[in-house]
Structures are given as C-alpha cells and as structure tokens.
C-alpha cells in the first residue's frame, strides 16, 4: 500500500487522520513522533487514574502513559525504532562532552542572587560575552527534571487549554532520512506546563479584549481589523472589572500559588497586581508601533490615551480641571519617560512574544523583592519557580530556533529589572497624586490591591517625599494668604520625633540639637529677627493641612475678622529671641 493511500485511514492510536505505516502500525505523524521519542529517551510514564484514559486528537497529550500503552496495543514495535544518527560523531560521546563542560561550569560558578532573579548552573556553551556574564552573575540553568508540582496538579488544570505539543516536522519513517538536530526537543512535563501557560496567556488576553466588544464590533473586527478609539473616562469602570477578573484568572494558573498559606497568597496577590497590570499594558501598547511613535498609549480595550491626556480624567472634569491635571502630570514625567524609553520601545524593537511575557509574569510573581512579605517556606518555593521559569524560557528559545538565545535571554533579564523599578516609581507617584487629590481610585479595586500599603511604602525610595510635599503645600498656602512674614535663617532646638517618622530618626549620637529653620520677622526688612511664641515655635506646618481649625492661630485675619480674637503669634522685639 502506497503512503498516499493511508491518508484516508485513521490513526490506530488517537483516531486522527493517518500519515502512514510507522513502526508496524498505521498512525499519524504526532503519535509517530511521540512513540519514537519515548523509546529513544527511555521515558517512563505513570497514569494518575485507572490506565483507561481516552486517547483522541483533542486529549492525546493528557496521559502519556495510556497513549504509549495504546501505541503498543496498536502494533508499534519498539525494536523498529532506530537511535538518532549524528553525522558529527557519537551522540553518546557528545553528551558526555557536554556533561563535562556542565560539571566544570557548576564547579566554577556558584548560584547567586541578583535583583531578585536567580539562576542555577549548567547551560548551553557559547563564546558570547553576555553568556559568560550571566553565568558569572547568576549561575545559569539546572538540568531538567520531572516536575512533581505539575504532574500532581488537579485535572482541572489540563482542561482549560488544548494544545498539541508533538506535531513537529518529523520525517516519516517510511520515506526520507531523519532530519538531524543538535538539540533534543524538550518534551517533559515541565516544558509542557510552560507551553500550556503560553497558550493560556494568549487565550486570557483575547478573552479580556472580547469582554469590551459588542457583537457589531466583533463582526467588524473580523472584516476590517480592530479599530481603536480615544479612551473615555467612563471606560475606567468597565476596565477595572475586566482586569480584576483577568488578574484572578491568571494568578490561579500559577503553580503552586493555590497551595500556599492564605496570608502569603494575599501578600503575593497585592504585590503582583500592580506588576501584572503594568506589564499587560506595556505589552498591549508595544503591539501598536505607529501609536507608540506618537506617544499614544494603547490599552487592551481597543482604546488609546492621547499624548495630551493623562488617563486620570474623570467624566465630570471641566476644561480647567483637565488642563490642571495635564500640568500636574509633569510631576510624573520621570516614570512616564522611563517606561516609554526602557520598556515599551525595547518591546517594539525586539518584537517580544507571548512566551517571553509569560516568563516576565512568572518572575514578577515570584520575585525576590516579595521575600519580606511571605514566610520562609514560601521563599523557597519562589526561588524554585524562578529557576524553573528561566530554564523553561531558554528551552523554549532552543525549541523554536530563536537566534542567539543567550543574548535574547540577557535582554529579558534587563527588562525585568526595569519593570520592577517602574512599578515602584508608579506606586510612589500614586501617593503624590492621592495627596493632591489628583485622582480618586477609592471606588475601584486598584486602591485595595495595587496600591495596598505593601506597594506604597515609599520610605525606601525617598523617606522625606511626603513630608516635604506637605510642608511645601502648607507654607505655600500660608504665604499666599499673608500668614507668614519674610524669612530669615536662625537656629532653634527641635525635637526629632516631631519632624521625623520613627523609621527615619537618626541615632542619638548623630543628632544635632540645633538645626537651621526659617523664622518670620517683622515686615520692616531692616529690623532684627523676632522670636516666635514658644508654644507655636515647633508647630509642624504640615499639621495645618489636616487641622484647619488651627489656621486662625497662625494666619493673618481677613477684613471681616477684625474683631476676631486670636493668640499672638509674634512677640515684640523686646522679648527674648530664641537662638
């Protein structure tokens, strides 16, 4: 029977259209590849059920044990499988040489952690300087092993996605010689888990997009492609609902997140939420280079934020409020400029794909920067997952023929650090915006998760940021209302507890009892400095922002307050001057 005559028959293993007679049985190309790899690699599988799993075109990857058993029952002969032919030398000897290099690398490079991302040792050899740098700094890649986390995960994890991993171009055993490959195809359960995540991420992004579409838009998109429109303030409500659902769906996919203690899950959810949304937005924007060139930020809901808008506009804002927000937005220019220059533009130039974004998501969720918020046992799990993600991405590069995988991998690590930093800067910006009532997120979930205290603790960035802003605001208000006289410099004794938070108080040995402060003097520029009322000398101007009832004690009276009695703030020059 000729090969073409088998096309009308079904595979005796999975019932898919047959490709020919392979190893003694009529089978499809996928089952042919699966059977051959299992025999060559001497793989052993174990069914998690009763060894009666259904093997069909949709579910043939669900249970490898039952699939291999059915191959044998269909008549495939193990003895008919030939070992890989290597024209450059013995495959066995080459593996020994590769193993020797790996052992030398593991002895010379101990695993280190840097910026929250750790590598193990033993990776592909290369003369590239970046590979050597990565190995030296991180200690690269461990040998693959079977993942007990994934193999023991509930069956519901497998049912969400259907992806065939065995459909690769393996030549038929009945015709042309085998195509040689220097790299064995990664096909263990760990790589399958990563491929499932990549597939699920694409489905997840598409489902979020469809949540914003009407059926008219859906039909028009298939005919004319997606149409983008300017973002409207009313879009925020719908966007928040869809993004919350997407966040919970995606984090549930991450193994073994569901098995962690509830306190650790809560902390990781809050820490990851702002990073997940930021990365999704960066990735969505990078898919539209023409909009990026104009400085227009494309969102996942088929809208874009124009260059002359901030994205914080509310439905009832008038033109003056919109202009004011635009002016205030300059405060956040460092953050905006950084993510445009250091994240979105590289995403566009590199044409970052779903697999790389999945890798970044995994690294952000299990980042070492989250260690202080979880238990010791969870920290160990997080390190394992970071190592797992790095190995999986490198295998994915090799499997898909990526040009210069070590260089590409190094670029992704650099992007990871930038995204972490930008998310921290964004959370600090939110604190400033909230202080000046620049935006109100209280009715959305963003403030509960994304801007939770574990994300908005800015003391490690600028301990005096909020304090300085409050002081500046209070003093500016008082100056504008005539409540303060011109300033001269003098020294008064201060209580450090009054001017600093407990976290930033210096040791007593380093504290200077006398510090330079501004003291108002009389309006006559030639008069000597006058002293302040001792009861008010140490009042923090920031207190006035939150205690409006104290303003009459420190501000000049208005014209209609002429008879209003208030305590004297300034004494005459004959009184004692504080120095």
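The first residue you see is number 1, and the count goes up from there.
Glycine is treated like the rest: Cβ placed from N, Cα and C.
What Swiss-Prot records for 8-83 is DNA-binding region.
What Swiss-Prot lists as compositional bias 'Polar residues' is 106-124 (among others).
Residues annotated as compositional bias 'Polar residues' in Swiss-Prot: 171-186 (among others).
Annotation source Swiss-Prot lists domain 'NR LBD' at 189-452, citing sequence analysis.
What Swiss-Prot records for 82-124 (among others) is region 'Disordered'.
As annotated by Swiss-Prot, region 'Disordered' applies to 168-189 (among others).
Summarising model confidence by region, the zinc finger (11-31) averages a pLDDT of 88. Among the features that Swiss-Prot reports, zinc finger is placed at 11-31 (among others).
What Swiss-Prot lists as zinc finger is 47-71 (among others), and the listing cites sequence analysis.
Across the zinc finger (11-31), DSSP helix (H, G, I), strand (E, B) and coil residues number 3 helix, 7 strand, 11 coil. Across the range of the DNA-binding region (8-83), the DSSP-based residue counts are 27 helix, 8 strand, 41 coil.
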